[in-house]
Amino acid sequence: MSAPAAPLQLRLCMFLNYCAYAIQLNSVGIAVLQTQRSFGVSLVEASTLAFYKGLGILSGALIAGSFLKRIGYKRAMLIALAASALVLVAVPVFVSFTAVKAVFLVTGLSYGLMKVALYSTIGLISPGKKEHASLLSFVESFYKIGSLLTFIVFAAFTNNNDPHSTSWSYAYTLLAGLMAVAFVLLVSTPLDESSVREDSAKPLYLPFLEMARLAITPVAVTLAFLVFAAIVTEHGFINWLPTFNTKVMGLVPTLGIQLAGLYAIFAIIGRVGVGFVLKRVAWFPVLVACIAGAAGVLVLGLLAARGVVLSAVADWREVPLAVWLLPLTGLFVGPIWPVMHSAALTTLPAARHNTLASLSVVFSSTSGAVGTPLLGVVFHHYGGLVALAALLVPLAILAMGIVVLRRVKQAMPAASPA
């Protein structure tokens, strides 16, 4: 039987959840800078904040994969929001480097729990596979919006005149307020989870065993390769376009960073646009178009970048064509993540979505830790043009991976997302 369409209130809650967590988790770079200024910690010590965030997300995903159906999707999201709001509002009160470490650990864990619960809820409330892919794409677009808002929110609370000021910590109070609003919205939203409830008498080791068994199935192995390729591709553009613009295209750092930010804007447009397209078009042709579009724009951008002479460009009117072309890849790369996840999740019954979503978070955590440094090595030894050209490799893996995923889906019994 088809699930009812998601109520507007639940959709708003999902959008707000993802946006708030994106603002917080993407602030780790800002926190690294601010903790050095305010508390006098070393760069090496400040950089451990990324470790606490990653450890939290990984722990939250493993907890969700093992106990989410026993806890309940709605209850898990409420626990995550409450824990996040409490730790965020405490930062300005107990302002210290330890408090900042705690906030990334707790919000990371909460996000891991929230993400798996939210993905599982989408499977529960979506009446069909196209609706599932569309809603997931819309939800993920709000993560990108939150990523952009990170810099606006924290810049508004930063005191440039006093390097020891801790005024930036009050940005966390604003985020705590967003979490509280999402909590209130969710509390008052009904969610029928009776079809996926797990018997409390079930031995505790069984969920771990189920996760291990699922991890070696064709759909999970295929998703692992897709996640790795998607993470390397997206992080390659996000993390290395600023350096490429400055060191290869000759832009001054400020302008290079600003124009690299166009990638995130195009990624938002891509995810929102594909969210509408998926209501009428199946996932496979959409992904084929996205991968082909990303590869095409990347090749055009690299061709335009050949022969550019470094000249400390500070005026946007003098910016080389390649700098404008390369961020356009976000229009095509942005939608790949939610669409491929929807395709993989809807291969399984809704009751197993939480387990596969947990594995996805584990895959993405490890992929992110490997992919960005790997591209950095290529950039250092062979230059920026070769480093960005190397992104054609994960794009090729994505192309092969979606073909395999389609075959896996065709070979398995039809599973409704609801």
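Every residue, even glycine, has its Cβ placed from backbone N, Cα and C.
The domain 'Major facilitator superfamily (MFS) profile' annotation in TrEMBL covers 10-407.
Taken from TrEMBL, the feature transmembrane segment applies to 12-33 (among others).
TrEMBL lists 39-64 (among others) with the feature transmembrane segment.
Long-range contacts of the transmembrane segment (76-97) within the same chain: residues 17, 20-21, 24, 35, 38-39, 41, 45-46, 60, 64, 68, 103, 106-107, 109-111, 113-114, 116-118, 121, 166, 169-170, 172-173, 175-176, 179-180, 182-183, 186-187, each at least 6 residues beyond the stretch ends and with a Cβ under 8 Å from a Cβ of the stretch. Taken from TrEMBL, the feature transmembrane segment covers 76-97 (among others).
The transmembrane segment annotation in TrEMBL covers 103-125 (among others).
Look at TrEMBL and you will find 137-157 (among others) tagged as transmembrane segment. For the transmembrane segment (137-157), same-chain residues at least 6 beyond its ends with a Cβ under 8 Å from one of its own Cβ atoms are 11, 14-16, 18-23, 26-27, 30, 34, 118, 122, 167-171, 174-175, 261, 264-265, 267-268, 271-272, 274-275, 278, 334-335, 337-339, 342.
What TrEMBL lists as transmembrane segment is 169-191 (among others). Proximity of distant same-chain residues to the transmembrane segment (169-191), defined by a Cβ-Cβ separation under 8 Å and at least 6 residues beyond the stretch ends, is recorded for 7, 9-10, 12-13, 16-17, 19-20, 23-24, 27, 73-74, 77-78, 81-82, 84-86, 88-89, 91-92, 95, 100, 103, 121, 124-125, 153-154, 156-157.
Among the features that TrEMBL reports, transmembrane segment is placed at 212-231 (among others).
Sequence-distant contacts of the transmembrane segment (251-269) (same chain, at least 6 residues past either end, Cβ-Cβ under 8 Å): 141, 144-145, 147-148, 234, 237-238, 241-245, 312-314, 316, 319, 323-324, 326-331, 333-334. Positions annotated as transmembrane segment by TrEMBL: 251-269 (among others).
Per TrEMBL, transmembrane segment is recorded for 281-304 (among others).
The transmembrane segment annotation in TrEMBL covers 324-344 (among others).
Nonlocal intrachain contacts for the transmembrane segment (356-379), taken as residues 6+ away from its ends with a CB within less than 8 angstroms of a stretch CB, comprise 54, 57-58, 60-62, 64-66, 68, 112, 115-116, 119-120, 211, 214-215, 219-220, 223-224, 227-228, 231-232, 235-236, 239-240, 243, 341, 344-345, 348, 386-387, 390-391. The annotation transmembrane segment is assigned in TrEMBL to 356-379 (among others).
If you look up TrEMBL, you'll see 385-405 (among others) marked as transmembrane segment. When Cβ-Cβ distances below 8 Å are used as the criterion, the transmembrane segment (385-405) is approached by residues 218-219, 222-223, 225-226, 228-230, 232-233, 236-237, 240, 244, 248, 284, 287-288, 291, 294-295, 298-299, 301-302, 305-306, 326, 336, 340, 343-344, 347, 375, 378-379 of the same chain, each at least six residues removed from its ends.
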